[in-house]
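Engineer: I grabbed these lines from Swiss-Prot:
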BINDING   GLY52, GLU53, SER54, ARG121, ILE153, ARG154  L-glutamine binding site
ACT_SITE  CYS87  active site, nucleophile
ACT_SITE  HIS196  active site, charge relay system
ACT_SITE  GLU198  active site, charge relay system
Amino acid sequence: MSEITIGVLSLQGDFEPHINHFIKLQIPSLNIIQVRNVHDLGLCDGLVIPGGESTTVRRCCAYENDTLYNALVHFIHVLKKPIWGTCAGCILLSKNVENIKLYSNFGNKFSFGGLDITICRNFYGSQNDSFICSLNIISDSSAFKKDLTAACIRAPYIREILSDEVKVLATFSHESYGPNIIAAVEQNNCLGTVFHPELLPHTAFQQYFYEKVKNYKYS
């Protein structure tokens, strides 16, 4: 089997723990690289956009007339390569970001798109309102056999699903906001999680994304 290269966007945010979690999979044919420019992106079979600060990441993609932003849009919508956004990364993959004009001047070009959802940033409050929850896995993928938990840090909230193509992979309950809160979604080549899977010991979502990239490359 030829090498599979998964990139982790390394402009800002929690990229090193993501890299370490993929290394934990111990797959000899898997190559993990940091992505900081268009050249790096061109080496990737799949890409992870980690948690961090979505407006900061978007500003980092704006240099040289949106060169990296445009390359990422091409990666997602033209090449249709697998991409996974966690927390802030999920925000950047969302079609609609609520009240984004209050936070940035990018307008309709704030997010890359790919997930037909409406999302709300920092829904649960500040850093002090972060929490760990149990996931209710809806997917039948073998990657998700074990009981899984999720770390939600200034997590976004998926307000609405806008297309039948969007599949819910996992939900959780919150004492203040009720049950069946969407934790993970998938639409074609795009995967989104509102939590930080790289901050807990399990590698289930890294395994799931690796399988997604492998299926893309060898389909």
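Backbone N, Cα and C define each Cβ position, glycine as well.
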Engineer: Find, among the recorded positions listed as GLU53, GLU198, the one whose Cβ has the highest number of other Cβ atoms within 10 Å in the structure shown.
Structural biologist: GLU198
Engineer: Show me the subset of GLU53, SER54, CYS87, ARG121 whose Cα is within 10 Å of HIS196 (active site, charge relay system); these are the recorded positions I mean.
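Structural biologist: Qualifying among GLU53, SER54, CYS87, ARG121: CYS87.
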Engineer: Setting GLY52, GLU53, SER54, ARG121, ILE153, ARG154 aside, what same-chain residues sit with their Cβ within 8 Å of the center of the Cβ atoms that define the L-glutamine site, listed in sequence order?
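Structural biologist: Checked against the 8 Å cutoff, the neighbours are GLY13, GLY51, CYS87, ALA88, ILE91, ASN122, PRO156.
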Engineer: Provide the three-state secondary structure of GLU198 (active site, charge relay system) computed with DSSP.
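Structural biologist: Helix, per DSSP.
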Engineer: Whole-number answer please: how many Å between the C-alpha atoms of ARG121 (L-glutamine binding site) and the residue listed as 'active site, nucleophile'?
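Structural biologist: So the alpha carbons of ARG121 (L-glutamine binding site) and the residue listed as 'active site, nucleophile' sit roughly 9 Å from each other.
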Engineer: If you measure every Cα to Cα distance among GLY52, GLU53, SER54, ARG121, ILE153, ARG154, the residues said to bind L-glutamine, what is the biggest one in Å?
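Structural biologist: The widest Cα-Cα gap among those binding residues is 13 Å.
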